[in-house]
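Let me begin by presenting the structure, written as structure tokens, before commenting on it.
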Amino acid sequence: MPCYLTECNPTAEAMRFGVALISLYVYHYIIDRLFIEPTVQYMLRKGWLTQEKKDKMRESLYKNAAVGAFHIFGLYVGWNETWFFNKEEYFKDFPHVASEGLRWYYMIYLSYWLQSIDFMLNITNKHYTIKRKDNAEMLVHHFATISLMLFSYYVDLTKIGLCVLMIHDVNDLLLETAKVFVYLQWETVANVFFGLFALVWFIVRWFFYSYNILHSAYAFAYRDLIVRIIEAGSFAGIEASVWYWTWIIWLGFLCLLLVLHVYWGILIVQMVIKALGDGNVEKDIRSDSEGEEEEEKPKKLLEASDTSNLKHRRAPKAE
């Protein structure tokens, strides 16, 4: 909690996290019961959605409802701040005393990542029983994000932290929107959103993340924090060498996110090539579902069996 370098009430911070976590689950329950479930049932009745895609649709609609709300809240917190997406301002006036709004934003988003792990492992929400090929990579991504959030919150690096989270929001919203239209089999609209998603991915998560976040964390964090601490010999009772290696580890976690961005970017390129080849995006954009592959195997075997039977079936004799 932001109590290591600046004054605060640890009990109040723990209560803030508890309230944020409980509130997020309440938000999910209300949104799912009052909006998502009725909407999905309507789609099923109309024949727009198949039963096999029901859970995926519910997942995508909730992610849009959650991330969309977080993004609006993030804009509210940071819009009028001089440091908002200004890479030269992230580390000035360190330690930065986070505002109440910024602290709530952090706790709500931290709760969301923990909830995402919960849903991925099917601990409390059994209807999100969706397995994907890259679940292991997603867990690495989630734990790296949570580690970065806890560290940045604890030592008051919340300015750059908010901007990192908001960079991720843009693609998440485009991805889930594209998936909604994929599940509805509205191919043209799905392809448009998928194209936007792919374009924004490379602009935001490869270029802008590297230019704005990684460059700032490497160059300006070193200039504004590490150099000052080395010159002083220590900071907050901790030796300069400890701060230096802490900075190295923190920078390493930020680079790990970029590695994951590159990995998923390669998957996106493969999906783009596939989409250009057959004219549509057939499956889950992030990765194929393991369940879908298992469903396809019996179908292919059945089709092969039918074909074999046709080949061996004798033609009727002419009368």
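The backbone N, Cα and C atoms fix where each Cβ goes, glycine too.
Those TrEMBL annotations? Automatic predictions, nothing curated.
Taken from TrEMBL, the feature compositional bias 'Basic residues' covers 310-319.
Residues annotated as domain 'TLC' in TrEMBL: 62-277.
Annotated region 'Disordered' per TrEMBL: 284-319, in sequence order.
TrEMBL lists 14-36 (among others) with the feature transmembrane segment.
If you look up TrEMBL, you'll see 61-79 (among others) marked as transmembrane segment.
Per TrEMBL, transmembrane segment is recorded for 104-123 (among others).
The transmembrane segment annotation in TrEMBL covers 143-168 (among others).
Feature annotation from TrEMBL assigns transmembrane segment to 188-208 (among others).
Outside the transmembrane segment (220-238), and at least 6 residues removed from its termini, the chain residues within Cβ reach (under 8 Å) are 4-5, 87-88, 90-92, 94, 244, 247, 251. Taken from TrEMBL, the feature transmembrane segment covers 220-238 (among others).
As annotated by TrEMBL, transmembrane segment applies to 244-264 (among others).
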Any contact, the transmembrane segment (14-36) to the transmembrane segment (104-123), with at least 3 Cβ pairs under 8 A: yes
Listed stretch, out of 61-79, 104-123, 143-168, 244-264, that has the most CB pairs under 8 angstroms to the transmembrane segment (188-208): 244-264
Contact set, same chain, for the transmembrane segment (244-264): CB under 8 Å, 6 or more residues outside the stretch: 134, 137, 140-141, 144-145, 147-148, 151-152, 164, 201, 205-206, 209-210, 213-214, 217-218, 221-222, 225-226, 229-230, 286
